[in-house]
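The structure under discussion appears below in the form of structure tokens.
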Amino acid sequence: MTRVSSQQWGTVPSLGGVDLWVLESPQVKVEVLTLGAIIKSVFSRGKNGQTEDVVLGFDDLEGYLSDKRYLGALVGRVANRIARGRFVLDGKEYQLETNNGPNAIHGGVKGFNKALWLATEVQDGVQLSLNSPDGDQGYPGEVQVCVTYTLQGETLTAEYRARSNRTTPINITNHSYFNLAGQAAADVYDHQVSICAESFLPVDETSIPTGETRAVQGSPFDLRDPVLIGARLKELPGPGFDHNFCLSFPSDPWMERHAARVCHPPSGRVLEVSTSQPGVQFYTANFLDGSVPGKGGAKYRKHGAFCLETQNWPDAVNQASFPDCLLRPGEEYHHVTRYTFTTV
């Protein structure tokens, strides 16, 4: 049985009150904010019974309002990158604001992560809804979007739905940063990761997929068997992982698949992720630099966490061979991701 409660947590002058929702089962406690549909905290037990908050974030509202790293946030309309912030739909070119070098990322400067969502209690959780108007951050169409977070035992489920009155690209995910050792841990080098993907997407110097789908076999991207993150990062060119791993392909049926497993042997904590999305972006917090204090004054540094962003493939709106990312009138966008927190 899951206990669901809420309380006011702060106020954004231009938007209104922000509520904190708490979902608590016998095994796990999850805190969710109506600002950005943010997963503020996940409290999970280790093998010794000790509970730790395994999600990076902030102690106050101001931290989230000024955050530029999307800690815990729901990101959209389009998560990840769109090359040069441009795409063409029905013969019309759209130019978005570029907020990641030459590219657009995570929906724009004021994407879904900075919006105030309307919350409604549901069985074992909370549903958060948002109306994204036509032209929001440069995207066409008025979009009605909702995410339902439910907690059942050890499993947190995020179910995403959206409809639009005009054809528009859409790709929604949650951008939680996890460290299974807790807030005081400096890095995730002692975590073991495995990802159920036979291939990944190589990227150019601005992290846009080149269009190639490359087999992981014989490369540092082969994470099909568990590997220590720290050891594998030493084999990887560049600052770390920030790549899409291909879970399914355009011809594959819609279905939920096991995506990834991360284990922290010292504490015994395990996170398993399954999803209906065709990809997962494995990101090792390469751009955290310790400059912004997190919970309890923690310094979140490079490689201080990992993200498993279940999503469509990046830049799919510009790459015809990638899974379709367009939501058309009369259709429903619908995806499910589950996070299961256990111990070994």
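Numbers here mean position along the shown chain, with the first residue as 1.
Even glycines carry a Cβ here, placed using N, Cα and C.
In TrEMBL this protein carries:
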type	residues	note
BINDING	ASN80, ARG81, HIS175, SER176, TYR177, ASP242	beta-D-galactose binding site
ACT_SITE	HIS175	active site, proton donor
ACT_SITE	GLU309	active site, proton acceptor
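Neighbours of ASN80 (beta-D-galactose binding site), defined as other CB atoms within 10 A of its CB across all chains, total 29. Listed in sequence order, the residues of the same chain lying 6 or more apart from GLU309 (active site, proton acceptor) and placing their CB within less than 8 Å of its CB are ALA79, ASN80, THR173, ASN174, HIS175, VAL280, GLN281, TYR283. Overall, the recorded beta-D-galactose-binding residues ASN80, ARG81, HIS175, SER176, TYR177, ASP242 cover a maximum inter-Cα distance of 18 Å.
Over all protein chains present, the Cβ of HIS175 (beta-D-galactose binding site) has 24 other Cβ atoms lying within 10 Å. The Cβ of ARG81 (beta-D-galactose binding site) has 25 neighbouring Cβ atoms from other residues within 10 Å, across all protein chains displayed. Under a cutoff of 8 A between CB atoms, and with a sequence separation of 6+ in the same chain, the neighbours of SER176 (beta-D-galactose binding site) are ILE39, VAL42, VAL55, LEU56, LEU71, GLY72, CYS307. The Cβ of ASP242 (beta-D-galactose binding site) lies under 8 Å from the Cβ of VAL203, SER207, GLN281, PHE282, TYR283, THR284, ASN286, each of which sits 6+ residues away along the same chain.
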